[in-house]
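Taking it in order: structure first as C-alpha cells, then the write-up.
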Amino acid sequence: MRHNKWSLLVLAMILGLVLVACSSGSDSTEEEEKILNIAERSDIPTMDPIMTEDNVSTQWIDTVYEGLYRQAPGGEIVSGIAKMEETEVSEDGLTYTFHLREDAEWENGDPVTAQDFVYGWQRATNPDNGSFYGNYLMSGKIKNSEAIFAGEMDPEELGVSAPDDNTFVVELETPVAYFDSYVTNANFLPVHQEFLEEQGDDFSLSPDSILSNGPFKMTEWKSEEGWTVEKNESYWDAENVALDGISVKVIKDSDTQLSNYEVGDLDRVSLSGSQVSDNQTSPDYHSLTESSVFWLKMNQESVENSEYMENLNFRKALAKAFDNEAYVDVVYGNDSEPVDYFVPSNFVEHPETGEDFQTGNEELSYDVEAAQEYWEAAKEELGFDEVTLSFLSQDDDVAKNISEFMKTELEKNLEGLSIEANNVPWSRQLELMREKEYDLAVSGWGPDYKDAISFVDLWVTDGENNDVGYSNEEYDEIVKAVKGELANDPVARFEAMQEAEKIALEDAVISPIMQRKTSVLYKGNVKGLDQLNPYGNNYSYKYVDIE
Amino acid sequence: MVKYIFQRIIYMVITLFIIATATFFLMKLLPGSPFNDLGGKMTEAQEQLLMEKYGLDEPVPVQYAKYMAGMVQGDLGVSFQYDNRSVTDIILSRLGPSAHLGAQALIIGSLLGIILGMTAAIRHNTWWDYTSNVLAVIGISIPSFVFAGLLQYYLAVQWRLFPVSFWEGPIYTVLPTIALMIFPMAICARFMRSEMLEVLGSDYIELARAKGVSNNTIMFKHALRNALIPVITVLGPMTVSLMTGTLVIEQIFAVPGIGEQFVRSINTNDYPVIMGTTMLFSVMFIVVILIVDLLYGLIDPRIRITGGKD
C-alpha cells in the first residue's frame, strides 16, 4: 500500500511536468501579428540619446526615435522629421535650414517642433550632461560647440535656432560635406523638454520614461532579460512600418542563441566561431559586410623601439610579412575579407561615377620575398641582426590567437625578429596604445558617418586617434584641404582622400588585415535584414517585414 | 544565545568594514579607467570631464571617505556602464533570479543527495550503494555546464519538452535547476554516505538496536541528525555560491542573474557595481556562516555555540 502511494505521487509529478511543458507552447493570437523575435548579447546600457556609445543602445534609440534624417537599408539617407528635398544649404556650406514635417508627433500626441531639436542639440553639448559622443561629433563643427564643451559659453549659444515651429537652422564652423549622414547620429535627436524635465533623473530608465517619436515605441524593458517595442501608431509614416512589434531577449551565450533559433523562438541569430562553418550550407545563412576594418598598428613613437619603428623599410617588412588570408581563417574562420586598404570597400562611392572608393592597392599586400628584401635593407640601414618587439593584445581567447598567429608569421618570415606577446585587458590595451607604450598591436575602426574622412582623419599629425606616431606634411595638407577648401567640391574631395590613403599605405602607417563580415541566420520569410547599415545602427527595423 | 549573536554581529560589521576598505583600494589598482572602453575614440579632455562628473578626479582617500559615508546611508552610487542606474536597483533586480535558482537547486539537490547518501549507507555494498557512488562521482567530476549543454540539447532542442532558455515562469527554471543541483546533490550524497556508515557502526546505535528501538527512530532521530553536521558545513559556502549565481549556467540559460553582472563590472572597471556586489557577497557569506554555526547547536546540542561556562 505504501509503495502504491509513492508510485502515484511520482506519476502525478511526471504528469504535471509534462502538462506544464506542453502548455508552454506559443500563443495562437501572436501568429496573426508580425512580431520579429530576435536576441541581443547585452542589455541596453542607455536609452538616453546623448549618452549612447555602444551598438545596442544606438540600435534601439534609432528604433524608437527619429531625427532630421534616417538611414534606409544599405545606408541610404532618407527624410526623417525633416523633409530632405526641402533642406536649404547656404553657398558657403555653413548654414543648413531644415523644414520639418507638420504631421510629426511625439508618442503623447504633441507635435515634434524645431525647438525640440534645439533643446536636444544643446543638451548634447552641455558639459554637465557628460555626453561623450555629443562632444566628439559636434566639437569644431557646430558653431560654438567646442567653447560650450569647454565651459566657456552657455549651451544656449550653440549655433542652432528655431525661427518657427517647423524650421530648424544649423550654423557650422566649417563645411561638413557628409552632413546628411552626420545628422542621423543619435546625439542629433530631438528631445521633448517638458517630458524630460518631468522625468528628472529617471529619464530613459524605463518604457514609461521614454517618449518616442519614431517608428516604434518601447512597451516593456526588463533589465538583463529583454524588451519589446510596438509599432508607434502616432508616427508620421506608420503606414509604411510593416512590423507590429519586435521582441528582444538578452542571450549572452552564442550556442543558446542558436538553439533558440533552431526551435523557432528567434527569427535571426548571429553566428560565431565554429557555428559559422557548421551552418554555411543552410539556406538561412548570410554573410553581411560591415564597414569595420582591422589592421596591424606599427608605433613609430614606441618608447622602447622607436629607432627601428621609424624606419620605412622596417615597417614595410613587417607589413608584408604576414598572410592576412590565413589570419582570417585561423582567427575567425568566417567570411571576413582580407584587405590591402584601410578605408572599407562598399562604404562610399565616387560622387559622379559611383565607383567604389577602393580601386586597388597592393602596396602592403602579403609578399614574403618582398618583405625579406625590405627586412635586409632595414638591417643594413639600422645595423642590427636581432631585434625584439612587443605585440600588444587583449587577454581573451580570440586575442591570444591573434598574438600567437602574428608571432608565428613574423618570426618565421623575418630572420632575427622576436615577438613578445603582451596580453592585457581591453581597457589597459587602449591606455597603453594612447600612451604609445607598445610596438605592435592589432586594432580596428568603425565609422561614425558615411564618409571616408572618418578613416583618413585618423593619421593626421598629432591627431586624437593617431596613436602610431605618424607624421607626413603632405598627408596633413590633403586632410586639411578635404576638411576646408575642398569641402564643397565633392569630386575633388573624394579623389583627395583616395590620394591620402595611397600616401599612408606607401608610408606603411599601418598594415591592413581584414574588413569584417558578420555571419547570420535568418528565416526566409523575414525581409530587410539582408544588409547592414554602414555606420550607426546595424538595421533599420522600420523597413523590416515578415511575409 | 542572544549575547553570542550580538557578539557575532559586531564581528560581522568589523569584517565588512575591512572587506569594504580592502576592496576599495584594491579596485583602484585595476588597470585602465572606466571610461576608456570606447574603441579609443575618447580624448583625454573628455575623459577628464567624466572623471570630474563621477568624482574620480579627487584624491583616493577622499573618494574612499565619500563612498563609505554613502554606503552607511545605504547609497551605493550609480553605475558607470548603465547610464544613471543605481547600483542598488541593479543588484536587487539581478539578485532575485540568482537567489531563486540557487535556492531551488540547493534545496532539491541537497535533499536528493541526503536521500541518496542515506540509501547508499543503509544498503551498503548493494547495487543501491554502487549506483549512488557512481552518480556522486559523475556529479562531482563533470562540470555543471556540460550537464547544462546536454539538458538543453536533448530536453529542449531535440525533444522540445522544456524551453531552451529565458526566465519567464516556473517551467523555465527546470533545466537550469537540474544542471545546478547535480553538484550539491553529489557532494551531499558522498558526505552523507560516509558519515552515515560511521554513525551506523558506532556503539550508541548498536545500543539502541539492542534496546529494541525501531529502525526508523534509529535512522531519523539518531543517525541522520549526527551525520548531517559535516553536510551542513559544506552546504554553507555552497549556499552562497549557488544563490549569488553561477556565471556559466546563467549565461547558458539566459538567466538575468548577478554572477555575470559581477564579472562584467570588473572587466569594465565599473567601481560602484564592483563594490556593491562584493559587499553583497560578503554579507551573504558572513550571514550563512553564522547560520551554519547556529544550526550546529540546534542539530547537536553537545556543540555549545557560546563555549566556556555557558
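Cβ atoms are placed via backbone N, Cα and C, with glycine included.
Nobody curates TrEMBL annotations by hand; they come from automatic prediction.
Summarising the annotation, TrEMBL assigns domain 'ABC transmembrane type-1' to B:95-296. Per TrEMBL, the feature transmembrane segment maps to B:9-30, B:101-122, B:134-156, B:171-192, B:227-253, B:273-299.
Listed by sequence, the residues of this chain that lie at least six past the ends of the transmembrane segment (B:101-122) yet keep a Cβ under 8 A from its Cβ atoms are 128-129, 132-133, 135-136, 173, 176-177, 180-197, 200, 219, 224, 227-228, 231, 235, 238-239, 242-246, 249-250, 255, 257.
It is B:171-192 that, among the stretches B:9-30, B:171-192, B:227-253, B:273-299, forms the most Cβ pairs under 8 Å with the transmembrane segment (B:134-156). Cβ atoms under 8 Å from those of the transmembrane segment (B:171-192) belong to residues 100-102, 104-106, 108-110, 112-114, 116-118, 120-121, 132, 135-140, 142, 144-145, 147-148, 151-152, 155-156, 162-163, 165, 227-228, 230-231, 234-235, 238, 242, 246, 249-250, 252-253, 255 of the same chain, restricted to positions at least 6 beyond its ends. For the transmembrane segment (B:9-30), the residues of the chain that approach it from at least six positions outside its boundaries are 60, 64, 67-68, 71, 266, 269, 271, 274-275, 278-279, 282-283, 286-287, 290, judged by C-beta separation under 8 angstroms.
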